[in-house]
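Single-structure report; data block below.
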Amino acid sequence: MASSSSGNNIPAPEPTPEIGIYELKTGDFSVKFTTWGARIVSLVVPNKNGKLEDIVLGYDSAMDYVNDTTYFGATVGRVANRIGGAQFTLNGTHYKLDATDGKNTLHGGSKGYGHVVWKVREYHNEGPSPYITFGYHSYDGEEGSMIGLKRYTSFDRHSLDPWRSSPDSVWLFGTYGGFPGDLHASVTYTLSGLNLAVEMKANDIDKATPVNLAHHSYWNLGGHNSGDILSNEIQIFGSHITPVNDDLIPTGKITSVKGTPYDFLQPASIASKINKLGKIKNLPNGYDINYALDGGSSEKLKTAAIVYDKKSGRVMEVLTNQPGLQFYTGNYLDNVKGKGGFLYQPHAGLCLETQGFPDAVNHPNFPSQIVTPGNMYAHEMLFKFSTKG
């Protein structure tokens, strides 16, 4: 079995784009984004009485996201979710990654796609379907285990990216392993009516590599500062889950939700089931699990989940072409100072991350995430907002 060692594989310096804020708007529906992690930083939509409120958790300024550890609104990758043991083998070569979640890799590594500046490729904020496209060049060996140090003689305060080379910095050693192959990632956000379409792509791939991009907004349909989401009613169109061990790494099994607290095949409040979950080690209570969506991967969009907040009357339907959905109830939020100084507590928001199955690179029975040269990765999702009541 071969072993990957990329050495001094950091690419040549290139101009680093600034961190900025962009807005798309149609009528009363508006969404703001930042180039840091190609993130959603606010999403304002009316409630059943026409009141406009921001329904995603976040911070007051773009710069606040630089030190964020929650992944508020982020595009995460190259491989979202967890990779067990921070390693995998592909085509006979063993790849060692940056361990960021105990001994495992979470959301791509210490940097990942959520902690880099993306370039704005296109921005059209006029007409009935305004859109914005962000792009990021992901290099061969990215997120490898560090075996050396980088010496700075100066620091580019605008880049806010300590892994990016600059003319005045010297790599003393380098990295070991990392994700194989260069690729160009993009994410396009498009508004139409009260719908938000998100399209994630990866192309120009020069080596076989795993790709699993995901969107990580924390939703609270009552408003970002309205308290917890436990009273929300949710329906998840997944008859099975991929159970996990004490480190939240899938065991490789795919089990039925029938008769368990994971069964949301019929609409039910989160509060009605969350306290029936089995406690995992010293982890906070709540949902953090991948659902195997009924219908699996498909070219056409299928409904993954529907959330309803009775007080505001807001409804959000999530559609995707991916086989999995991570349902996460913000279990690790603890006095996180957000917009307007509001302190986000556990369960202040929920995440519905459409995705490939976690740790699929180490479970051959899971749908493959390997993308080969000449092929393109495409992940589509649609968030449809409405009101009732």
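Using N, Cα and C of the backbone, Cβ positions are placed for all residues, glycine too.
Owing to the predicted nature of the structure, the values given are computational and were not obtained by experimental measurement.
What TrEMBL annotates here:
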type: ACT_SITE; residues: His216; note: active site, proton donor
type: ACT_SITE; residues: Glu353; note: active site, proton acceptor
type: BINDING; residues: Asn81, Arg82, His216, Ser217, Tyr218, Asp288; note: beta-D-galactose binding site
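Location within the structure of each feature annotated in TrEMBL.
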residue	record	CB count, 10 Å
Asn81	beta-D-galactose binding site	28
Arg82	beta-D-galactose binding site	22
His216	active site, proton donor	22
Ser217	beta-D-galactose binding site	24
Tyr218	beta-D-galactose binding site	27
Asp288	beta-D-galactose binding site	19
Glu353	active site, proton acceptor	25
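When every Cα pair among Asn81, Arg82, His216, Ser217, Tyr218, Asp288 is compared, the largest distance found for this beta-D-galactose site is 18 Å.
In this structure, the C-alpha atom of Ser217 (beta-D-galactose binding site) lies 8 angstrom from that of Glu353 (active site, proton acceptor).
In this structure, the C-alpha atom of the residue listed as 'active site, proton donor' lies 6 angstrom from that of Glu353 (active site, proton acceptor). Separation of the C-alpha atoms of Asp288 (beta-D-galactose binding site) and Glu353 (active site, proton acceptor): 11 Å, rounded to the nearest whole number.
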